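Down below is the structure, laid out as C-alpha cells.
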Amino acid sequence: MQLNPSEISELIKSRIQGLEASADVRNQGTVISVTDGIVRIHGLSDVMQGEMLEFPGNTFGLALNLERDSVGAVILGEYEHISEGDIVKTTGRILEVPVGPELVGRVVDALGNPIDGKGPVNAKLTDAIEKIAPGVIWRKSVSQPVQTGIKSIDAMVPIGRGQRELIIGDRQCGKTAVALDAIINQKGKDLICIYVAIGQKASSIMNVVRKLEETGAMEYTIVVAASASDSAAMQYLAPYAGCTMGEYFRDRGQDALIIYDDLTKQAWAYRQISLLLRRPPGREAYPGDVFYLHSRLLERAARVSEEYVEKFTNGEVKGKSGSLTALPVIETQAGDVTAFVPTNVISITDGQIFLETDLFNAGIRPAINAGVSVSRVGGAAQTKVVKKLSGGIRTDLAQYRELAAFAQFASDLDEATRKQLERGRRVTELLKQPQYQPLQVWELAVSLYAANNGYLDDLDVKQVLSFEKGLRDNLKTSHADLIKRIEDTKDLSKDDEGALRSAIEAFKKSGAY
C-alpha cells in the first residue's frame, strides 16, 4: 500500500485539527532536604500557608513555613521514599477532611481515612480542617445541660451544651474514664460524640473503641485516632480534623460533644514540628503561637443561634440552634497546673474538672477535687431538680475538707464540728461511683435528696453506697410513676417531694440494705 504526498498532507492536517491540547499550568519546586518528616523546598513561589503539596508516590504534605527563598513543609504519612531533587507540586487546596453522618460509628485517622477495617467511608462532603470560629453575634448563651451521669460532676461542676470544660490531672488518675462515661451516658439523648485520641498507645485506643462498642455508644460516636506511632504532623492535625467533623452537626442545628484526649500531646507534637522548622523557641521550648494553637481550636466549640443555622443551611433548617461542646483533657506533671500549657488551656476554657492522684489512691473515684473544680457557665444549664438539691452538697464538701484538715490536730471537737465531719464523710462516700455506670437524672436527684435531708447521717459510712443502690432499686419497683414524673419534668414538685420523703423513710425502716 502506497500513499501519495497529497494523502499524507491531508492525513497530517486532519490529525492536527483533531488534536486537543490543554496547557496544565502548575507551580512546582524541588526538594532540597528531608529530615524527620520536614521537607525544605526551593522554587515554590506561589504557595499558601497551610496548602496541600503533592510529592512523588501520591504522598501529600502541608506548607507551614513560607520563607524568602524556600518553603518548609511537613509530610503527612511516610516520607522514606522522598529524596533530594524530587519534584513537588502545589494543589491549590487547603487541607480538608470528610464530614457527615457517614463517619458515625467509624474509627478514622487525622485525615479521615478509615482504620477500622470496615471498608471505605462514603462521605459525600469534605470541609476545611482550619476554620474561623463563629463570631459573637452568632452565638447563644449556654442553657441546655450535657448530663455526664457522674454524680460529682452533674451536681457540682455542671456542663452545658456549647461549653468548653477542661479535664485536668496527672497521668493515671481517671481523666479518660470521666470522658468515656460522658460519652456512654449520651445514649438516646440526640448528641453525636467525637473522641479524638492524640499520642496514645494503639492498644489504649483499641480498648476505648471496644468499650464504646460493648456499651452501644459507637452508634453515635466518631473516633479520630492519631496514636503515638503516627507522625507529629498527624498528632498536631487530629484535633482540628475532629473539630471539623463536629462542626458539621453544629452548623445543621444538631448537638455534638467532642473530647480531645489529650491536648498536652498535641502541644508536644507542635513543639517538635516547630523546632524542626527552625522556628524560635520560647518558654519550655514551645513556639510563640502555642496559645493560639489551642485557642483557635477551642473557640470553635460554641452554641450557635437559630439565625446562624438558618443562614448556614440556606433556610433548610429553621428554628434550631446547634452546639459543639468540648471536653479537652490536659495531663499535668506532679500536679503542677502552673506549667505553660495547663495555664493556657485553663484561661481559654469555661471551667475545669481537677482530678487528684491523692484522692484516686485514697479510693475516692472519680477523684474530683471539689474545691478547685469549677464550671463558669454550666450552672445556667443545670436541670431544675439537680440545681435545687446540689447547692448543699458542695457546701458540705467544702466545709468538710477544711474541717478535716484542722481535725487532725484537735482532740476535743464540739458537737457541730463533729456533725459536719460525719456529714462530709458520708457525702464523700456517696459521690463515689464505679466506672461505666452513669446515672440518670432521677437517680442523681434521689441520692442528693437523701444526703441533703439527713437520711445518711445515722448510717455507717460503709453502708452509704449499698443504701443508695437499694433505695434506687426499691423506687424502680414500687414507685415507677414518681420516677417518670421526675424524668419528664426534670423537677421535684411539692407532691413529688412528699412522695419521695415517704418512700425513703419506708425503705429506711425496712432495713433492706
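Positions of Cβ are set from backbone N, Cα and C atoms, glycine also.
Listed in Swiss-Prot for this protein:
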| type | residues | note |
| --- | --- | --- |
| BINDING | GLY169, ASP170, ARG171, GLN172, CYS173, GLY174, LYS175, THR176 | ATP binding site |
| SITE | SER373 | site 'Required for activity' |
Least surrounded among the binding-site residues, given as CYS173, LYS175, THR176, when other CB atoms within 10 Å are counted: THR176
Environment of GLY169, ASP170, ARG171, GLN172, CYS173, GLY174, LYS175, THR176, the listed ATP site - residues of the same chain whose CB lies within 8 A of the CB centroid: GLU331, LEU355, THR357, PHE360
Assigned conformation of ARG171 (ATP binding site) - DSSP reduced to three states: coil
Whole-number Å value for how far SER373 (site 'Required for activity') lies from ARG171 (ATP binding site) (Cα to Cα): 18
Lowest local Cβ density (other Cβ within 10 Å) among binding-site residues: GLY169, GLY174: GLY174
Residue pair GLY174 (ATP binding site), SER373 (site 'Required for activity') - Cα distance, angstrom, rounded: 15
Alpha-carbon distance [SER373 (site 'Required for activity'); ASP170 (ATP binding site)] in Å: 15
Number of other Cβ atoms within 10 Å of the Cβ of SER373 (site 'Required for activity') across all protein chains: 22
Binding-site residues (ASP170, ARG171, GLN172), the one with most neighbouring Cβ atoms at 10 Å: ASP170
Alpha-carbon distance [SER373 (site 'Required for activity'); GLN172 (ATP binding site)] in Å: 18
